[in-house]
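> Just passing along the structure, written as structure tokens.
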């Protein structure tokens, strides 16, 4: 047949043969038949099929469309110079030459003089192509769809012993001084920041419309608690019970309103108006979590079957000073925000410093110091009021960070929250004296309470005295819903006890806390070396590395050897795509683990295209992505929110690991991982800068999260931005 342009179309022929036994029998499949498919009916001149997978062989060719029919058969040949061959049983296989066809069947071969029969699966496909389409297909095959160089690689590989590192011999040209490669960190500072300073600003103590900068007390409203307000009611209630009898556990439980809690809140229709026809979920509606998958499913379930009142959750920290409360609160806040829950961290110590200054001595914290107790309860009530007000405005999870060491204080908080949110107490207990001593000294070093203390040891002594006063009045949590973390901060065991915990979100919180610890260790994040698709500006795909990418893989191996030379338990994580596996290949002496969850965002029907091609051929998709990269889902592909959901197990395992981890992955995936560690808003995730050939070192430990970046080489070509 002829095309409209007068140029004859061509017939593309693809023949595949599959059998898991051919390799075992040392047999290679061939094809012979009439010209021009095979060229000859002589089995000795049969054309070999190329191995496309472990048990699949393929033959493809292009023939003119004028032929009425073509015939062929399979023949198996022994490898090497052995002249023996085995011809397929049955008649010749006809091949239509003027239409598109797809056929599946079997091929039978008699082995051992007919005593055994080998059955192979056969797939034959023909397609009419214009010369233009044929040229484009051939170019795509040559450039983008070459067989993977890592096919058959095991998901977990452990290289030979560490002595092999010295024999690596790759000429990376990397200097011994790694600090020469350090570059500025655009998103997260490398210095240590006191965690409480990063918590929510005390808006009840700051003037309306004031700046969020808390380094001044000019905006403090010293009379913020005057008048007969509900806040004064709670504070006065506290004053009347100081030194008196605390309510019994039964009374506490009677006051506690246990409504359960699930996923974040969003508007719930009444049963009178509810129907499937008018029930609509808008991802941007107030209170709906910015999430996909399990988080969204749990929110829908709570919406349909939960109680009528708003679904709000308050995690109230309990514990003596220096037990890691603020550290735990900060990590939990970061995790919940990353999952898409509107979460804020309220630190009562920050309120106290704004209200009463930073020069309070240990006497201020004595249990028999009536004025001190009243002042501390007052700022706790202020912080709680702020948190509840924020929840009324759409907030979903509040982290209330304070010692809350007495039943009287906790009772006040439960009464304030009654009918407004569900409270779960999170108590941190630590009996390891070495850990406590380290935490105390770190606290004195970083806390604004001791910023003006010139004698460090005097500050340590004052803090220990403060701690003694808290210990005298401390009452462990026995009321309500609670989670107790006992000696878990070191990551070497410990216990986690829970009481009256149910629902999706509390369950996720418990699972997250089980895996948290304070063991210092680095996490190295890096993109794969430059790939051939990076060079061509194409997204997705599974291309191999360019020359620059291969050079980076050697430099990365040298860097890992120098940076982790003293480590014996570090590991290398890659995706299942060959560009990350090839990047990790020169690294020896460390186990390598492939994660499907680390694969690049699935571009669906746009996979392998450039953004110019998407803009021209799919303008609506291009525009939708441009307007909302976070929520945009490629047709038959993924969105950034989808990627975040599948990365949750990776985050949990990174938190659980006590040894360094090198993660070699892709731009979109690393954006999502980095956003977790840097506590970036979800809206910023698609635009986070993750350059090629750069290593981002995340330092995890008791001081929080710090970042350092190493740029080993420049990227020669600009990269497509998924």
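Glycine residues also receive a Cβ, built from the backbone N, Cα and C atoms like all the rest.
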> Scan 179-203, 204-228, 229-253 against TrEMBL and say which stretch is down as region 'Disordered'.
204-228
> When you measure from the Cβ of residue 533 (substrate binding site), how many other Cβ atoms are you left with inside 10 Å?
23
> Count the Cβ atoms, other than its own, that fall within 10 Å of the Cβ of residue 531 (substrate binding site), considering every protein chain shown.
28
> Give me the non-local Cβ neighbours of residue 529 (substrate binding site): same chain, 6+ apart in sequence, Cβ-Cβ under 8 Å, ordered along the sequence.
545, 546, 548, 549, 550, 551, 552, 553, 556, 579, 582, 583, 692, 693
